[in-house]
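What follows is a single structure, written as structure tokens, with notes after it.
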Amino acid sequence: MLVGVPTEIKNNEYRVGLTPASVHELVAQGHQVLVQQGAGSEIGLPDAQYVAAGASIVGSAQEVFAQAAMIVKVKEPQAAECAMLREDQILFTYLHLAPDPDQTAALVRSRAICIAYETVTGPGGGLPLLAPMSEVAGRMSIQAGAAHLEKSRGGMGLLLGGVPGVAAGHVVIIGAGVVGANALQMAVGTGARVTVLDKNLDRLRQLDLVYGNRIATLHSNAQALEEAVLSADLVIGGVLVPGAAAPKLVTRSMVSRMKQGAVIVDVAIDQGGCFETSHATTHADPTFVVDGVVHYCVANMPGAVARTSTFALNNATIGHVLALAGKGWRRALGDDPHLRHGLNVCQGKVTFEAVAQALGYDYMPAESLLD
Ligand SMILES: NC(=O)C1=CN([C@@H]2O[C@H](COP(=O)(O)OP(=O)(O)OC[C@H]3O[C@@H](n4cnc5c(N)ncnc54)[C@H](O)[C@@H]3O)[C@@H](O)[C@H]2O)C=CC1
Ligand SMILES: CC(=O)C(=O)O
Ligand SMILES: [Mg+2]
């Protein structure tokens, strides 16, 4: 198969869909790879490394989209990229469709085979192609939150860990999944006081076993959430209902009663966000203030540490890239129910139920398109 890798064009997005090592794997199995000139050059992966791995370099995204049977990317296709997709072309990337009607309509119109990293499941449960980026974003959320608690960035002027004789800050983490557990690890490292909430008691049990009385765990209900958020200096939003728009757990009224200069990091913003006051921001302009509370809502946080993130992402995606290239989409999805869960839009139909429900499309089960 001819596999294409365009340069990412989202704001401050320097990740790349395939590393030279992944290109090497594809070429070793008889595939051809087209990489757009400079796709990895900002993160120490120059064109020469791709050529050494067996790729051909082309000058423009147009050439990649026109020639490749499968496009491997990182972020959801931007409008200019959607316009270049073709019928039956495979698109393998993050999509986050439920909160994004325009992108969904464009993918439906394209009649391409659109497989979302974030809804591919794993044999042991979980979302293995989302997990590496959630690890990155969860760890970064505490760095970003701590920085924005500084006065010069709009925060209340608080050092998370405190100092001897001065109390530490209070970090509240909503959602104890991959983002939440990684945020927790970093928050504990700063010396902050940490509270973590989830609806899933097993997740809270696991964290309690690791951290004991160093943290507080709370079953997430409206009252517990409100009390925690109102006493927080930094709140991390890391909830997920896979494929669906994030539930708006923190209302505008709660935000208006938070401490002045507190900081919210809404990691779940790529699924629409779990704070009523959130809207997506970019690395170029990452924050805005509502009722005196700083909101950091960058939808592609791992793009800031693009080198680490590119390798972490490829570790998780390459097996599926090889299966799609080797078997074609019908057989690869037919053989592997976990990869099949990634199919969100296919030949003009919405094949992921939560996306169809969120955006008012008829739902077409993936299975019915595989014969
Ligand atoms: N902004 C960015 O750059 C990035 C955003 N993300 C996003 O972060 C979000 C979280 O991802 P993961 O941690 O991997 O998901 P996960 O599935 O590992 O964890 C989500 C957790 O939310 C919990 N949850 C669901 N409903 C809840 C509720 N009402 N109250 C409390 N907890 C609830 C679940 O029980 C689960 O433990 C996703 O939307 C993901 O796409 C991930 C990576 C980068
Ligand atoms: C998961 C995601 O949206 C990201 O890594 O940018
Ligand atoms: Mg997004």
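Each Cβ is built from the backbone N, Cα and C atoms, and glycine gets one as well.
Remember, TrEMBL labels are computer predictions, not curated facts.
Note that this is a predicted model, so its numbers are computed, not measured.
Among the candidates Ser110, Ser152, Ser220, the residue that TrEMBL annotates alongside Ser134, Asp198, Arg203, Val239, Leu240, Val267, Ala268, Ile269, Asp270, Val298, Ala299, Asn300, Met301 as binding NAD(+) is Ser220. Taking a Cβ cut-off of under 6 Å from any atom of ligand 3, none of the binding-site residues Arg15, Ile269, Val298 qualifies. Checking the binding-site residues Arg15, Lys75, Ile269 against ligand 1, the ones whose Cβ sits under 6 Å from it are Ile269. Residue with the densest Cβ environment among the binding-site residues Val239, Val267, Ile269, Val298: Val267, by other Cβ atoms within 10 Å.
In terms of Cα distance, the recorded positions that sit within 10 Å of Val298 (NAD(+) binding site) are Asp270, chosen from Arg15, Lys75, His96, Asp270.
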